[in-house]
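Quick notes on the structure that follows.
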Amino acid sequence: MGMLIKNGNVVMVEDGKIRKMDVLIDKGIIVEISPEINRSDVEVIDIEGKFLIPGLIDMHVHFRDPGYTHKEDIHSGSNAALAGGFTGVLMMPNTDPPPDNATVIYYWKEKSKSIPLNILFSGCITKNRAGKELSKFYELKEAGAVAITDDGNWVADGAVFRHAMEYAAALDLLVITHPEEPTIANRGVINEGYWSTVLGLRGIPKAAENIAIYRDIEIAKMTGAKLHVAHLSTAEGVRLVAAAKKLGLKVTAEVTPHHLVLTDEALAGYDTNLKVNPPLREAEEQKALLKGLLEGVIDVIATDHAPHASYEKNVEFNDAPFGIEGLETAFPVLYTELVLKKKITLEKLLLKMTVNPAKILQLPKQGDIKKGNYANLTVIDPKLTLKVSEELLVGKSKNNPFLGRTLTGWPVMTVYQGIVAYQRLLKGVQ
């Protein structure tokens, strides 16, 4: 049976337009978009007063499966993604065992095949993410990997990374770098600056990120490979990516919601849910990130969804793991803090969360609301205001930095290939 979504404020991202339209879906495909469509032989869903947007695509999630399923697993992570309005995610490889061979990719594929979510897979750059010996990229690509990364670790050996980039270029594989020079980061836990001094915590200098980005871009220039810079957090990093783009290099970059809306001042209370890597930076760095986003230097907003069990986070700040739970609150955080405050338009925000990640990951018929595209869609209620609580979150872990915050503009329905995969039930959570 088909589906007709009526009276939605449809955001056509690439056109930069919001129009009140009806959308007809048949066999998982958008077959018609028109001001008025009337059909009695399909399921009709009236979304008067709400936005219909392309399903969000997150290029950076950690589902912790296999190896750390007390934090998250593919099913719970997928539930969190769908609740957040996402219809596509790219899984990172810091699992145990890691996907440095086809076996883990096949495990992921088998476990995710019945889930109504486009789950994409990354393979490791090096065996065991140890930075020494290359994984078999061809085998990983044949198994289904769309990118390679040692995320969580930077490939510090320049010769190894050069060979990886040459190998990836030959296979047209995207390389995602985690830019942090470890000897400069030197076991820091927050941004090096005023707040690290006040709080008595070891700082992570911005130079650790900047030096890694500089080296990786230089190797991208040597090899012609596609390089994606994960979780930018510094003004200098933005400048380096901008310079690479001006040279015509195949370099793209992402930023997280938390780096766009929070600064290191938020750590004054030693909240371990705000302990992330890269760390939250000063307001000046945050302004540069937003400027880079608006100017097109930063292509993508990605959550870096990194769940941890409560007992792992409820320890001394130095001992707590890095990472936050980010999928479920990403859109309302950005809508509340950026769109409603007129720092970015809804259309431009969605460009970074739908069209651009679809292009970078080479996902055909995804990322926008167009005739012939897959019916991967999200309904947003722009007036729905909810207080973030542990009870509201559906993922396994609750390490969300926005707990207690009141946010507006929540996903209320997620449609994957013409099937309602998630619907928000509001009773008892407002």
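If you go along the chain as it appears here, the first residue is 1 and each next one adds 1.
Placement of Cβ uses the backbone N, Cα and C atoms for every residue, glycine included.
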- Can you pick which of His178, His258 Swiss-Prot lists for the same Zn(2+) 2 site as Asp151, His231? His178
- Task: According to Swiss-Prot, His62, Phe63, Arg64, Asn277, His308, Phe322, Gly323 bind substrate; identify which of Asn38, Asn94, Asn101, Asn356 is listed for that same site.
- Result: Asn94
- Item | Zn(2+) 1 binding, same site as His60, His62, Asp151 - Swiss-Prot member from Asp299, Asp304, Asp319, Asp368 | Asp304
- What binding-site residues among His60, Phe63, Arg64, Asp304, His308, Phe322 are found with a C-alpha within 10 angstroms of that of His178 (Zn(2+) 2 binding site)? none
- Message: Neighbour count first, Cβ atoms within 10 Å, every protein chain included; then name which of Asp151, Asp304 tops the list of binding-site residues.
- Response: Asp304
- Measuring C-alpha to C-alpha, could you say which of the binding-site residues His60, His62, Asp151, Asp304 are within 10 Å of Asn94 (substrate binding site)? His62, Asp151
- His60 (Zn(2+) 1 binding site) falls, by three-state DSSP, under strand
- Taking the centre of the Cβ atoms of His60, His62, Asp151, Asp304 as the Zn(2+) 1 site, the remaining residues of that chain with Cβ inside 8 Å are Val61, Met92, Gly152, Ala230, His231, Ala302, Thr303, His305, Ala306
